[in-house]
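Everything on this sheet refers to the single structure shown next.
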């Protein structure tokens, strides 16, 4: 990813709240979730099999090769709210220059060492199954695969860091890997790749600093007006919808992505096999109905206006609707079937 400013890009996905990172002063989210969904094909990488109280992951392979989007452009799947809000942000005078002044090489180096120094680099010779999931997801989205690190943490999370002049990388926590099936984990990686594919760049950095709220610059909160903060949060929510679409392009099954959001809302490994995607989609429709009245609309707006991510039920409804759209079906028609099936 080519970032236009010398600034870190931190993508903290699938979260509503966070805990403080001591060394950086950033808040990292407490939860991230993808849950299993029914698929017509199996997945490269890890399958999940329950043995007693434990989930044992076993290598599996796709029964059908995935579709590849060789000529895929970011605007082919970018959410219209993402397009609209990005244009509004670009129209704010001096914001890009402010980013250069605020986020310098010191911040870059701290974040780089914080992530790399405490993690395991994934490669063909290190966690090769996970490496295969990333490489395939990047191939499907027509993007160069970034580096991938696994970090020991009890907090399920995944995020992306892109630093000007350096190769971007994704970090996943060990607890997230334990929580997910291979399909879900690859969808998480695809979501993170979506941020790189769409060059979300400095806007994502600003939004994360504002929403995570712990960047140690004196009087930072007073330097940005509330209207700008609201605009950045609105953009960040729309960017997440875009990256959910990237997850669908890789999963190629909407139930995989919807079940991700269901687990985010209220799932854990011990009850994963009892979760019902169709019931969760019905719940999303009931939320729309409940918030359709004037009072419901006001409550819904108050509930979501300060969030960095859309509500899980709204994301589920959005991705379900897009999976049935002409736009998505047109992309599938343009895609080519991968010629071979890999086993990892």
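Every residue gets a Cβ built from N, Cα and C, even glycine.
Quantities reported herein were computed from a predicted structural model and do not represent experimental measurements.
The stretch that Swiss-Prot tags with transmembrane segment, taken from the ranges 60-80, 81-101, 102-122, is 102-122.
Annotated Zn(2+) binding in Swiss-Prot involves 191, 195 plus, out of the candidates 139, 144, 230, 240, the residue 240.
The transmembrane segment annotation in Swiss-Prot falls on one of the ranges 12-32, 33-53, 201-221, namely 201-221. Record note: among 148-168, 169-189, 169-189 is the stretch given as transmembrane segment by Swiss-Prot. Residue 240 (Zn(2+) binding site) sits 10 Å from residue 192 (active site), taking the Cα positions as reference. Summary: among the recorded positions (192, 240), the fewest other C-beta atoms within 10 A of the C-beta are counted at 240.
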